[in-house]
Amino acid sequence: MAVGMPARRSVGDLLGTLVRFGLAAVWLVSGAIKAAAPERTYLSVQAFRVLPDALAGPVAAVLPFVELGLGVLVLFGVGTRVVAALSCLVLLAFVAGITQAWARGLSIDCGCFGGGGDVAPGETRYPEELARDTGFLALAVWLLVRPRSLLSVDGWLGLGRPARDGDDGDDRDEPVPAES
Amino acid sequence: MGGAERTARKRKQTTQAARAVAAARGGNDRRNVIIGVVIVVVMAVAVIGGVLYTRNSSTSGGAGDIPVTAAHAQYPTKVEDDGTVLAGNESAKVTVDVYEDFLCPACGSFEKLYGEQLEKAVADGKVKARYHILNLLDRYSNPAGYSLEAANAAIAAAGTGKFPDFHASLFRTQPKEGGKGYTQDQLVKLGQAVGISGGDFESAVRGGKYNEQIKKQLEAAGNNPALQRESAQGKSFGTPTIAVNGTMVDLQDAEWLKKAIEQSGQG
């Protein structure tokens, strides 16, 4: 039954692995930079002028570690589809934040990778920031649509393989499904 | 080979297939639960651990007493009805209006660069200074509101004559923009440390006695055309802003105060 699987797996899964590592790097780097400079992170959250003062503190405190957590999960490929969906939500929130700042004529730096806060009016870079986040969003969407990749916890658990009648036959370490 | 036999075989195949699908699905369900738990645990550990770590490392810096820094010269002060602090001899020919915010890093730099000159000139009676202590950066302490509380406390200190040291102390060990800011407790303690006695100061700090005047001063400064700086998107007000006899001065000119005194004929 399991004919032709290795060929179908190789190219797409290899690409998926690269996408996964790319998205993991984005989250880990941006999360680490934000975690290392909590004052800066708070200022960049405030600069968007979206959240009430009482919420800006907690959001700035939590955000770096949400990013780091997502980074670790994406890196190891744990629940890739769910984590990709969460990544999409966070990235969409960033895109919405930058878009409203641009639309309202604020002059801020998004602080996506450190920095952030108010900048001189001539120094905004909204198109670049949005293009970059859209690129990251594309990575997350790829994993949302096609979560399967090599070197992932999901793969070791045998997740994301098409259910076929009986045993896959090609897996060395797949746990035996319990009869119910 | 009869039809019954074929039907039986087919039924057997169907049930086998159904059972396999059910088994596989049951296995996936369990794996999904495990993965869901792992996701929740990893996110919870990251967020809770991270927030606790940040809180511990950031409170250690600014939790103690605010160190006292003596001003370079002592000068008399008077709190005006509009919430400004008039420093020095009221009949001095030169009036220096100082607009600053205790959280503003550039104001800290201004004090470092020109604070000594200005304090001495005020003490000598060559100029009088009108301090407009503003809450421009209220949103930029975490929690928000340090600018207003510090401004209110400094004006209250002016009422007791201890403004010079109180003001110098808050600028010398300035909280980081985006950081915690000092609490009311710390401001009250600083007041005691610079020699303020009696409960009036403490109740003014805790009750926000000058808050409304401070907000009005900020609004007035923002609407004063003489205090706006040119930028690519039009004019805007910022701190620190210094005006000599109503005209904004360029702080890039290190001699601004000397020139102002010379021009008034006091050399």
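Heads up, residue numbers simply count up from 1 along the chain you see.
Including glycine, each Cβ sits where the backbone N, Cα and C put it.
Since we're looking at a predicted model, the values are computed, not measured.
Taken from TrEMBL, the feature domain 'Methylamine utilisation protein MauE' covers A:15-145. Residues or ranges marked as transmembrane segment by TrEMBL: A:55-76, A:83-103.
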- Message: If we skip the immediate neighbours and take only residues 6+ beyond the ends of the transmembrane segment (A:83-103), which ones have a Cβ under 8 Å from one of its Cβ atoms?
- Response: 23, 27, 47-50, 66-67, 70, 73-74, 110, 112, 124, 126, 129-130, 133-134, 136-137, 140-144, 147
- Summary of DSSP states over the domain 'Methylamine utilisation protein MauE' (A:15-145), given as helix, strand and coil counts: 103 helix, 6 strand, 22 coil
- Reported mean pLDDT - the domain 'Methylamine utilisation protein MauE' (A:15-145): 94
